[in-house]
């Protein structure tokens, strides 16, 4: 077991040089204190789950102290934001402190968000607020517990440093972990600035360290892009199956690894709404829940354009054409499992689509529907769920088709219940739960955010005494407006 002040660094990205990032030291926040830490994320670095030395956490991740081997850098990239190209973005408030190697030989980026101004701050103050830092922390740890690939969050550090957004708030930092922080926007930056040598250098770096199995391919960069498409198809399928809405799918927020990245005004669906918009700045609904699939394809096409100096256009198009069928296959498999169905059948896609159509416009809680569906026999579960639907006759027709489908597969109810409970969470990160934890933390009480994180780390298990975290949102929490302000 390692200690926090004795980590092994190997800063590979920093060695790419000044064309890729700029050396910047963290700007400390005042009176830093540990808000919450993740035992699961600590384990990735071979660190003990217990955060006994909270002062050391606060010093290191509040910007007051650095490891001797750390090389903090602000990365440069660009990207398409709401469909329009922004030629120069970069880490405006975050620093890649370095890369740590764990005992398994895995490299983990240590990225400190809220570390102060950088050359890419674009008139910003370089700070993150406690509110957004808690939201990113909770999501970064909740999604992996659901089986959704994501960057991770080691801890949040609070402070007395004031910052101004819509109102006066307090600054915080978040320590994010990921195998890489390279985004689609990194490739776009070097493509659109015609720095094709650096573009090739970046592609070679990513391929060597993160897509090593492509080395043996006849055309390694083409093989790498195909894998990026495959990973994103599976990622978006998991988002859609579990009702996760990202909110800001700009290309600079898309990880080259196909993991969920850069959390902002995200949301899990409460009542099912295919057209749900979780970002109140998204007036046109570009990043609505139902648009996440075509937008992911659009973003992959933007990445493909940036790779045209390295890969033949026909090969890029062929890989792009795989996205939708791959997504559909992953999504249907996930939804089949959520319905407790173990064997594929011809009409499964129609069964899923009909269910979602019946949910639309009804007061049906998306997550709890599947959990309740597995609690009892299909007949009893369907009867208890019926009243949540507006068109009960249409639901009855779906229910009969589903009941027959379950009957055809056979098996006993207890096996079905266990199978469904293993994939249908009892606890999901609802916005109102996050908001309650944030409001308590803003008053200096971190009990709620720590408890919520603990509950969400085991979303499929019934946890005695935690029933309040399963409840649907109260009226005030049903339509919380979340902005990009952070």
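Every residue gets a Cβ built from N, Cα and C, even glycine.
Here is what Swiss-Prot records for this protein:
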type	residues	note
BINDING	90, 92, 93, 113, 125, 126, 176, 183, 262	ATP binding site
ACT_SITE	252	active site, proton acceptor
BINDING	253, 262	Mg(2+) binding site
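Annotated features taken from Swiss-Prot, shown on the structure.
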| residue | record | Cβ contacts under 8 Å, 6 or more apart |
| --- | --- | --- |
| 90 | ATP binding site | 74, 75, 76, 77, 118, 119, 120 |
| 93 | ATP binding site | 113, 114, 115, 116, 117, 118, 121, 124, 125, 126, 127, 128 |
| 176 | ATP binding site | 94, 109, 110, 111, 112, 113, 136, 140, 151, 152, 153, 154 |
| 252 | active site, proton acceptor | 77, 78, 79, 80, 81, 86, 89, 183, 184, 185, 262 |
| 253 | Mg(2+) binding site | 79, 183, 246, 261, 262, 264 |
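Every protein chain shown contributes to the tally, and the Cβ of residue 125 (ATP binding site) ends up with 17 other Cβ atoms within 10 Å.
In this structure the residues listed as binding ATP are 90, 92, 93, 113, 125, 126, 176, 183, 262; their two most distant Cα atoms lie 23 Å apart. According to its DSSP assignment, residue 176 (ATP binding site) is in a strand. The Cβ neighbour count for residue 262 (ATP binding site), using a 10 Å radius and every protein chain shown, is 21.
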